[in-house]
Structures are given as structure tokens and as C-alpha cells.
Amino acid sequence: MDTWMVLLGLQILLLPLLAHCTAPASTLRFVAVGDWGGVPNAPFHTAREMANAKEIARTVQIMGADFIMSLGDNFYFTGVHDANDKRFQETFEDVFSDRALRNIPWYVLAGNHDHLGNVSAQIAYSKISKRWNFPSPYYRLRFKVPRSNITVAIFMLDTVMLCGNSDDFVSQQPEMPRDLGVARTQLSWLKKQLAAAKEDYVLVAGHYPIWSIAEHGPTRCLVKNLRPLLAAYGVTAYLCGHDHNLQYLQDENGVGYVLSGAGNFMDPSVRHQRKVPNGYLRFHYGSEDSLGGFTYVEIGSKEMSITYVEASGKSLFKTSLPRRPRP
């Protein structure tokens, strides 16, 4: 039987007892899910989104989580109109409504479909929902691993502002940013932040992938402009969505590439397999029969573990990345 399922089963049985005697967690834990944004017509969600929400809630209840990271495409297909758009309720609040999720904060970034609507409205919704945290198009988060001096920095990016939007049906690649000055400002901000980052783990997150074997493939703009920064400043991992599957890649510098775009759709395409350097791909899952999935990340004193979880509850793949060496 799958190890993840056995662990979850045992913890379910022991949960009433453990609730009274479990020591405080000594790891930072979060779920990363992308491309979960339902549909623009009733019931405004899909079976896959509902299945993911249910399994995320079960995972959070049993394993614990400090937050949920949204990797963009939060509302299909054209984002939201304003901060009072009913899609916030119908695609987010009413779907991720389990008791286990009610007090878990979400940290949000925008995807290409969000940019077809009003991203400022998604930012403004942060003042309406106690769970929804989207302070600006790009921003920095800092966490401390409980019961330790281990620190984690996360840089949430707007890759559409960096590279431009893309039409999923016409062009697979963003051609150029709408405002080159805004793109340069964001990249300059990130470079300065990474240069100054002293944390034990440094993560960067955006919607577009740097590397992907799937339908959209590597994002040339990010391979050119973002990838060199990850290597130069010893970034632990880059997290993304956009392609509707689950992938893990790792480059020769040890940077992990966590693609988690299976929150609402599944696409089996591997059309760009030859566009990714040999040896990078460690895991890919895009079965059309699957209900999708997400990643569960746990950061401790020595390593960061990443588990790819199918919405059925099955563990698909697990890997780990080491803590950055201290100066």
C-alpha cells in the first residue's frame, strides 16, 4: 500500500488521541496549488477543483499547514471584474470551505487568465477576506521554522508583468511585457532582494514555468532573465503552474523546479520534452483520468521535502532539497 496513504490512515486513527498530546510542529508546512480557478459558468467550479479542495483539507487536517500558496489562474477564464465579483465566493470561498481550511491563510499571485480581468480587484479582495493575502503584484514573505532559528524567504512574482500575456489557443509563448519599464523594475527588485537574502531557504514563485516538458514548454523569457538569478543567488526552488499537470525538474546547480498546475484541469501533453535539457526531468504526471493534484511542502532544519499528492489522496512522488549553506 502507498506509504502516504498508510501514514494518513494511521494519523486519522490516532487523531483524537494526538490532539491532546502532540508537541508543536518543528517544520514549516504549506500546500502549493496552481490553476485551480473553476469555470465562468454555473456551478463555477469543476469536479477536479472540488476534489483538490477536499484532499487539501484532509491533508491540512492530518499533516498540518501554515499556509496555502496559490500559483495563479485563480479565476478562469477571464479573471474577476471587481472586489465584489461573485466568483470570489463561488470559486474560492464556497469550494475551500472545509473547517480545516477556514483559518489557513492563502498567499496569492496572478496568472495569465487573471490578467484578462482585473488583478487590482484580486489585490483589493485581501481587505475583504481574512484568508486571501495578495498585497501587491509581487512581494516578499519571510517565515521562521517553528522551534528553531531556521528562516525561509519566498518571493512571489508576477510573471505576466515580466514576460507578457499569452493566448493559450494561439501562441504558447508570451511575446513581450506590456510595459517594459514595469518588467525591468520587478526584475531589478528581485535581483536586489536575492542578493540580500540570508535566509536558510529561498523560494521564488510565479505562474509561468521556467522549465516544462508539457503543452506550454519552457518560458523563454524566464529562461533568459530569471533562471540566471536563481543560480547566481543560490535559490532553493522555483514554484509555478500554467501547465495543467504535475512536474519536478532539477538543474545542474541543484535548483528545484516545482510545477503544480493540476488544480482544475489535467493535460497529458509532453510536446516540449526535447526543449528541456537532458536529465532535468525527475517526475511528470498528467493523466487525463486523474482528478488532479497539488504539492505539499515541509521545511525543516536540514531539508525541504516536496510531496506530489493526487486529489485521490495518493502520493505520486517525493523529493527533497538541502538547506542553503550558511556564509
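Placed from the backbone N, Cα and C atoms, the Cβ positions cover glycine too.
According to Swiss-Prot, the protein has these features:
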type	residues	note
BINDING	Asp35, Asp73, Tyr76, His244	Fe cation 1 binding site
BINDING	Asp73, Asn112, His207, His242	Fe cation 2 binding site
DISULFID	Cys163-Cys221	disulfide bond
CARBOHYD	Asn118	N-linked glycosylation site
CARBOHYD	Asn149	N-linked glycosylation site
SIGNAL	1-22	signal peptide
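Of all the recorded positions in the list Asp73, Tyr76, Asn118, Cys163, the shortest Cα-Cα distance to His242 (Fe cation 2 binding site) is found for Asp73.
Comparing local CB density within 10 A for the recorded positions Asn112, Asn149, the maximum falls on Asn112. Counting other Cβ atoms within 10 Å of each Cβ, the lowest count among the binding-site residues His207, His242 belongs to His242. In this structure, of the disulfide-bonded residues Cys163, Cys221, the smallest number of CB atoms within 10 A of the CB marks Cys221. Calculated from their C-alpha atoms, the gap between His244 (Fe cation 1 binding site) and Asn149 (N-linked glycosylation site) amounts to 36 Å. Here Asn112 (Fe cation 2 binding site) is positioned 6 angstrom away from Asp73 (Fe cation 1 binding site), judged by their C-alpha atoms. On its own chain, Asn118 (N-linked glycosylation site) has Gly79, Val80, His81, Asp82 as residues at least 6 apart in sequence with a Cβ closer than 8 Å to its own Cβ. A sphere of 10 angstroms centred on the C-beta of His244 (Fe cation 1 binding site) encloses 25 other C-beta atoms.
Relative to Asp35 (Fe cation 1 binding site), the recorded positions with Cα atoms inside 10 Å are His207, the candidates having been Asn149, Cys163, His207, Cys221.
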